[in-house]
Amino acid sequence: MRALVNHRILTLLVLAAMIAALPLIFPSSYYFRVASLVWVSALAAIGLNILMGQAGQVSLGHAAFFGIGAYAVAIGPAHLGVPPWAALFLGALLSAALAYLVGRPILRLKGHYLAIATLGLGVLVALVISTESRWTGGPDGMPVARLTLFGWRVAGSDTWYWVTGGLLLLGTWIALNLDETPTGRAFRALHDSEVAAQVVGVDVARFKLQAFVIAAVYASLAGSALAFMNGFINPDQAGFLHSVELVTIVVLGGLGSVVGSIVGAAVLVTLPQVLTVFHEYEHLLLGLIIIVAMIFMRNGIVPSLSGLLFRRARS
Amino acid sequence: MTSKTTLKFMLAAGALSVGLSHGALAQGTVKIGSVLSVTGPSSFLGEPEDKTLRLYVDKINAAGGVAGKKIELVIYDDGGDANKARTFATRLIEDDEVIAMVGGTTTGSTMAMIPVFEEAQVPFISLAGAIEVIDPVRKFVFKTPHTDKMACEKIFEDLKKRNLTKIGMISGTDGFGASMRAQCVKVAPNYGMQILIDESYGPRDSDMTAQLTKIKNTAGVQAVVNPGFGQGPAIVTRNYAQLGMTATPFYQSHGVASKSFIDLAGPAAEGVRLPAAALLVGDKLPESDPQKKVVTEYKQAYESATKQPVSTFGGHAYDGLFILVEAMKRANSTDPQKIRDEIEKTKGFVGTGGIVNMSATDHLGLDLSAFRMLEIKGGDWNLAQSGS
């Protein structure tokens with residue numbers, strides 16, 4: 001048990017050290033911007049990974065919660081007079097409520113049916129956001145008021161690097177801890193065999209719903225952070241393609257691996273930036289790299305590589 | 001996973017983000033940036049913009065550059081994703097240190113990038129359509145394409161000349177359609193227009209006969225206006241002919257001003273009117289027209305270099321680039337602030353989109369004369385005879 005605790009703390013320490021050390025080698029605030037995007041995507045992916053990797057339920061509409069979080073901090077201050085920081089929690093609350101309400105019926109579904117139901121949820125939310133233009137500014141999006149905390153105006157790539165980095169640390173800490181709690185173990189039981197879990201007394205419906213709500217809150221907070229950071233939001237962030245991107249990050253990094261989600265986000269966010277030198281072959285190469293990674297590292301980057309190193313170390 | 005491996009992956013992830021650096025700034029060059037939607041759903045706009053910028057920057061450099069300096073063009077493709085556009089904008093400012101930007105294919109990506117350029121105080125000439133880009137006026141943001149409000153006004157002006165005042169509208173719910181619809185509803189009273197029926201369709205719908213039937217059955221509709229771009233308007237046009245509504249004058253927007261619209265809509269496009277830039281009818285303009293020379297030269301240069309038919313969207317990029325280059329010549333400096341001041345002083349610039357006269361309160365500088373009312377006849381654009 002002590003080894004487990006140490007492992008968790010060490011992972012957190014390494015992550016914290018990396019967040020603290022990276023700025024030393026960043027030549028311009030463009031790098032802060034890219035790194036902040038990695039932290040935000042990683043945060044959403046860690047949440048989704050709790051649902052997909054730990055509890056074994058798929059969601060193809062997760063960007064919906066990302067969008068709700070983002071639009072909550074846009075609409076709250078602009079139309080309802082809610083202070084920006086409160087809008088962040090309101091968004092999280094709204095996402096949790098929606099996940100709870102929708103999750104109850106649709107989490108009874110399995111496999112492809114669940115995938116389609118969550119897909120439908122995602123499409124619906126995106127549709128509402130892009131058509132209710134009186135509130136959301138329609139398909140062209142809307143500006144987001146800057147976040148102010150105790151008179152401090154949170155702006156600039158460097159500042160947001162630290163804020164999103166802090167959020168990611170918090171999210172990682174919770175996800176790592178969750179893994180070792182009875183809830184986390186119940187999620188794993190669900191993942192391995194729903195029938196077996198039910199037989200040993202795990203309340204399957206309740207735990208599925210819990211995982212769904214947790215994942216929704218993670219995505220919502222990530223969405224709010226991105227909206228504040230950009231000062232502008234449009235419906236793409238709630239769209240199907242973004243949902244797919246989140247699922248890709250989780251699967252590429254490694255299902256069930258918290259560190260995997262961070263690595264997956266780092267790869268998927270930074271690769272398009274690196275590949276710009278190839279101009280028109282950019283998308284071709286991006287696809288190729290993902291395909292090759294999935295062929296040779298079937299369990300995702302982190303679990304596959306760590307498995308490989310483990311075997312080497314033993315032999 | 002062991003802690004050792006955790007560390008290794010962290011380092012690997014870190015190393016990845018370090019490998020993004022760029023070459024040093026060469027002497028005697030000046031960097032102009034551009035973020036365009038070369039791929040993705042808006043590629044039909046972004047691609048001609050991309051080709052135009054590359055073509056003319058090469059030409060300018062071959063002729064000795066601007067004020068003795070060669071232009072280095074940095075183009076990034078945002079794939080139509082506003083969030084990506086924002087990141088590339090930051091990259092242009094922070095990493096490439098461009099002195100100005102000509103780009104921003106869609107309104108969404110332009111709006112997402114504006115704060116970056118305003119904060120860095122670098123001029124940004126946008127290629128996006130909606131009026132929000134320049135209204136309210138932002139110090140460092142300009143644009144070249146006509147606004148959707150002007151398109152509505154041009155259509156209503158033409159309708160008024162034909163003594164048609166009761167209209168039906170059918171609009172796309174995409175960014176372009178929704179924005180133009182709102183502008184049309186807003187300016188309609190100024191022209192005494194009555195909108196009797198106001199229908200909409202989704203950007204990916206494949207049949208609009210239901211909405212058109214409703215318009216057809218609305219008594220008193222004298223003309224129909226269809227704000228939208230992409231494939232939607234072509235389907236609306238086909239359905240319009242299928243329902244035998246062609247006796248009622250039908251207006252499209254400048255959003256369909258490319259040859260592919262005529263190809264997609266086929267013979268149904270016959271008699272459809274739309275406001276568009278002079279570029280589409282360059283060879284049909286009278287010799288006395290001030291834009292004749294510019295548009296025919298651009299058309300010839302673009303078509304011979306790319307082997308593709310010219311579109312107004314590439315023309316917007318041409319206008320943006322040359323407004324910038326002339327401002328740089330006048331400022332005789334690479335200081336973004338001075339270039340901005342000179343862009344704002346642009347007067348009598350003859351571009352593909354019209355004659356540009358900017359001021360501190362007008363960062364577009366076009367008036368209604370920039371639009372020509374076109375009518376599709378015999379599968380080609382023709383200047384419409386006003387009042388007929």
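Every residue, even glycine, has its Cβ placed from backbone N, Cα and C.
Residues annotated as transmembrane segment in TrEMBL: A:31-51 (among others). Tertiary proximity for the transmembrane segment (A:31-51) is limited to same-chain residues at least six positions away from its ends with a CB under 8 Å from its CB atoms, namely 19, 22-23, 57-59, 62, 66, 157-158, 160-161, 164-165, 167-168, 171-172, 175, 178, 187, 211-212, 214-219, 221-223, 225-226, 229, 245-247, 249-250, 253, 255-258, 260-262, 264-266, 268-270, 273.
Among the features that TrEMBL reports, transmembrane segment is placed at A:58-76 (among others). For the transmembrane segment (A:58-76), same-chain residues at least 6 beyond its ends with a Cβ under 8 Å from one of its own Cβ atoms are 44, 48, 51-52, 82-84, 86-88, 90-92, 94-95, 98-99, 111, 114-116, 118-126, 129, 135-136, 142-145, 147, 212, 215-217, 219-224, 226-228, 233, 235, 237-247.
Summarising the annotation, TrEMBL assigns transmembrane segment to A:82-101 (among others).
For the transmembrane segment (A:113-131), same-chain residues at least 6 beyond its ends with a Cβ under 8 Å from one of its own Cβ atoms are 57-64, 67-68, 71, 102, 106-107, 138-139, 235, 238-240, 243. Look at TrEMBL and you will find A:113-131 (among others) tagged as transmembrane segment.
Outside the transmembrane segment (A:159-178), and at least 6 residues removed from its termini, the chain residues within Cβ reach (under 8 Å) are 8, 11-12, 15-16, 19, 23, 32-33, 35-36, 39-40, 42-43, 46-47, 49-50, 54, 184, 187, 214, 218, 221-222, 225, 228-229, 258, 262. Per TrEMBL, the feature transmembrane segment maps to A:159-178 (among others).
The feature transmembrane segment is assigned by TrEMBL to A:211-229 (among others). Below 8 angstroms of C-beta separation, residues 36-37, 40-41, 43-44, 46-48, 50-51, 54-55, 57, 59, 62-63, 65-74, 84, 87-88, 91-92, 94-96, 98-100, 103, 107, 144, 146-147, 154, 160, 163-164, 167, 171, 178, 187, 237, 246 of the same chain, each at least six residues beyond the ends of the transmembrane segment (A:211-229), sit close to that stretch.
According to TrEMBL, the feature transmembrane segment maps to A:249-271 (among others).
According to TrEMBL, the feature transmembrane segment maps to A:283-301 (among others). Sequence-distant contacts of the transmembrane segment (A:283-301), counting only residues of its own chain at least 6 positions beyond either end whose CB sits under 8 Å from a CB of the stretch, comprise 248, 251-255, 257, 260, 263-264, 267, 271-272, 275, 307.
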